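Visitor: According to Swiss-Prot, the protein has these features:
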BINDING   HIS69, HIS110, GLU145  Zn(2+) 1 binding site
BINDING   GLU145, ASP179, HIS214, GLU259  Zn(2+) 2 binding site
BINDING   HIS182, ASP227, HIS229  Zn(2+) 3 binding site
Amino acid sequence: MVKIGSHVSMNGKKMLLGSSEDAVQYGANTFMIYTGAPQNTRRKPIEELNIEAGTEHMKANGIQDIVVHAPYIINIGNSIKPATFELGVNFLKNEIDRTEALGAKQIVLHPGAHVGEGAEKGIPKIIEGLNEVLDPNSNVQIALETMAGKGSEIGRTFEELAQIIEGVTHNDRLSICMDTCHIHDAGYNIVEDFDGVLEQFDKIIGIDRLKVVHVNDSKNERGAHKDRHENIGFGYIGFEALHNIVHHPQLSDLPKILETPFVGTDKKNKKPPYKHEIEMLKEGNFDPHLKEKIMEA
């Protein structure tokens with residue numbers, strides 16, 4: 001059975017229990033959460049995350065291999081502002097503690113941005129930060145995400161990610177999250193030659209490091225370096241290629257996580273597409289009228 005889910009929120013009093021309930025409603029058997037708002041550092045204490053009730057609900061409903069995503073504000077690639085780097089290191093340590101408490105094994109991290117100083121300065125800074133953060137005795141791995149190459153993002157090529165991994169002391173605590181929109185926007189031809197892309201990944205990084213897949217279509221043509229997610233089948237990657245990736249035999253054990261946009265033009269009335277997209281990807285049938293159906297439901 002394919003391991004597929006989506007990003008779900010974790011908030012209110014229910015916290016982890018609410019996340020699991022949403023995932024089950026979507027027909028998922030895994031999910032990804034932020035431990036709080038991705039744009040800030042405000043977090044509830046671990047004892048208020050409702051972990052016990054959430055874990056029981058997950059077990060009862062066959063949910064496993066959940067994933068945590070670190071917030072966007074962490075940038076350990078910043079070599080200009082020491083305060084930004086230190087904030088990133090300290091907050092990431094706390095996020096790993098929360099990830100472990102939640103029972104997740106993977107925390108996805110955008111590697112960082114060099115803020116105009118060039119990858120030759122950003123990459124050593126990321127290595128320095130990861131060396132401060134990683135605990136060889138932890139059960140959690142940091143899954144470095146493949147990036148689209150927007151702005152000064154680092155991680156736009158497999159080579160950049162490999163360079164980071166090679167520089168880190170306890171790099172057995174590092175894994176990779178492959179985002180389909182990001183690698184498409186970075187220039188990799190996943191539409192016509194996903195097997196070739198995987199082969200390249202295996203040679204440069206090693207397929208064993210791949211632990212999470214973000215399944216997103218793209219609003220942009222290959223190589224655009226934009227990072228704008230589109231709903232499954234409505235973008236430049238297309239349904240067939242994404243269905244192939246979700247069901248690829250080399251990725252069968254990995255959680256596939258949808259981060260596609262909510263549907264609707266009215267900002268106050270947008271609806272999650274995940275139940276419908278998960279169903280489409282499981283069954284292999286693309287519905288070109290999906291967006292209208294979601295809004296009519």
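Every residue number used here counts from 1 along the chain in the order it is shown.
Just so you know, glycine gets a Cβ as well, placed from its N, Cα and C.
Just tell me what is around each of these and how deep it sits.
Guide: HIS110 (Zn(2+) 1 binding site) carries neither a helix nor a strand DSSP state and counts as coil.
The DSSP secondary structure for GLU259 (Zn(2+) 2 binding site) is coil.
HIS182 (Zn(2+) 3 binding site) counts 27 other C-beta atoms within 10 Å of its own C-beta, drawing on all protein chains shown.
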Visitor: Can you list, in sequence order, the residues of the same chain other than HIS182, ASP227, HIS229 whose CB lies within 8 Å of the CB centroid of the Zn(2+) 3 site?
Guide: ALA148, ASP179, CYS181, ASP185, ASN216, SER218, LYS226, ARG228
Visitor: Near the Cβ of ASP227 (Zn(2+) 3 binding site), how many other Cβ atoms are there if near means within 10 Å?
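Guide: Taking all protein chains shown, ASP227 (Zn(2+) 3 binding site) has 21 Cβ neighbours within 10 Å.
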Visitor: Near the Zn(2+) 2 site, what residues other than GLU145, ASP179, HIS214, GLU259 in the same chain have a C-beta no further than 8 Å from the centroid of the listed C-beta atoms?
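Guide: Everything else in range on the chain: VAL108, THR146, CYS177, MET178, THR180, CYS181, HIS182, VAL212, VAL213, ASN216, ILE257.
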Visitor: Within 10 Å of HIS182 (Zn(2+) 3 binding site) (Cα to Cα), which of the binding-site residues HIS69, GLU145, HIS214 do you find?
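Guide: Close binding-site residues: GLU145, HIS214.
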Visitor: Among all protein chains shown, how many Cβ atoms are found within 10 Å of the Cβ of HIS214 (Zn(2+) 2 binding site), not counting that one?
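Guide: Total other Cβ atoms inside 10 Å, all chains included: 26.
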